[in-house]
Amino acid sequence: MFYNCNPNRTNPECRSLAVFGELRFVESGLSSIFYIVMCFLELAVLVFITFIIILMLRIIWNSHSYHINMMIIFKYLISHIFIYTFSSMIILMYQTGVLGATGDPIHPIDVLLLVSSILRYYQLFGCVFMLATFLCERIAATVFIHDYELHERAYISVGLLTIVSICSIFISIDITFFSTIWIEWGVVIGSVLIISFTFVASALLYHRNVRLAEILDSKTDSYSLSVRFQLKENFRAFKLLRDITLSSTVGIVISALFIAVAMMYRENKNVEALFGQAFNVLHSITFLSALFQSIWAEPKWKRQFKNLLGLFVIE
């Protein structure tokens with residue numbers, strides 16, 4: 001949604017907000033019913049994601065299932081999901097008319113909308129970069145395979161996450177305050193390309209580790225045993241990354257198609273709102289799917305998660 005903009009969106013007060021459709025623009029009848037159903041579905045998924053994240057934080061915070069670098073990235077991702085759920089719920093209130101912008105840029109409600117939008121953009125781009133971050137960490141594990149489990153090398157994860165945060169913040173601010181049609185299309189196409197490349201690269205690296213294991217299968221010296229230890233972790237990590245990027249690629253590509261239709265039919269507010277909300281719903285479901293894949297891929301996490309659910313039911 002463009003806020004405080006003239007028809008050409010050239011005035012300095014113009015802002016591009018992460019509000020991809022509003023109920024007030026939806027035509028009455030079947031369109032409005034469909035839109036409201038999608039809003040309730042998104043809200044339900046967001047609440048469920050928040051619940052899952054609270055449980056996951058208890059599981060992974062002191063976990064050592066993977067190398068410390070991968071666990072740092074996991075903790076960063078999980079803790080940042082609260083940004084996604086919070087900003088999405090605030091924006092959802094604007095979309096459905098629970099909160100309304102006043103048109104005054106310094107009004108508290110309008111400031112809340114602007115901040116929530118920037119956080120929403122930050123999370124959207126951060127998710128795309130985060131999968132590439134996992135890939136880069138596993139590349140480092142492959143390059144330093146001989147002694148990776150013996151050294152923390154925390155600078156790898158810290159450096160990668162710093163780059164991700166800076167890039168996400170920069171793009172979020174750029175698209176909010178300086179958005180053009182070319183920037184919007186560049187962001188959509190770039191996101192699809194990055195996630196697709198991550199999937200292909202993770203699959204290739206997984207098979208590379210399989211071949212390396214076959215080469216070392218006949219060796220029994222301590223050196224090869226050390227390598228096998230790291231290979232075992234690489235198998236689990238790359239399999240998880242491959243599966244998550246596969247489902248995320250499907251979800252992001254379809255989401256990109258929805259948002260592309262919304263952008264192409266921007267003059268038709270009804271179509272823009274319906275496809276924009278479809279994007280929100282699919283993105284939330286894709287996010288939830290990735291979370292469950294992460295838990296179910298690690299037997300210890302899966303067992304602890306089930307135990308926590310059992311305790312929750314008993315209480």
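The backbone N, Cα and C atoms fix where each Cβ goes, glycine too.
Taken from TrEMBL, the feature transmembrane segment applies to 33-61, 73-94, 121-145, 154-173, 185-206, 244-265, 277-297.
For the transmembrane segment (33-61), the partner stretch with the most Cβ pairs below 8 Å, chosen from 73-94, 154-173, 185-206, 277-297, is 277-297.
The transmembrane segment (121-145) shares the most Cβ pairs under 8 Å with 154-173, out of the stretches 73-94, 154-173, 185-206, 244-265, 277-297. Contact check: the transmembrane segment (73-94) against the transmembrane segment (185-206) gives fewer than three Cβ pairs closer than 8 Å, residues 6 or more apart, which falls short of the contact criterion. Same-chain neighbours of the transmembrane segment (185-206): 124-125, 128-129, 131-132, 135, 138-139, 142, 171, 175, 234-235, 238-239, 241-242, 245-246, 248-249, 252-253, 256, 259-260, 263, counting only residues six or more beyond its ends whose CB sits under 8 Å from a CB of the stretch.
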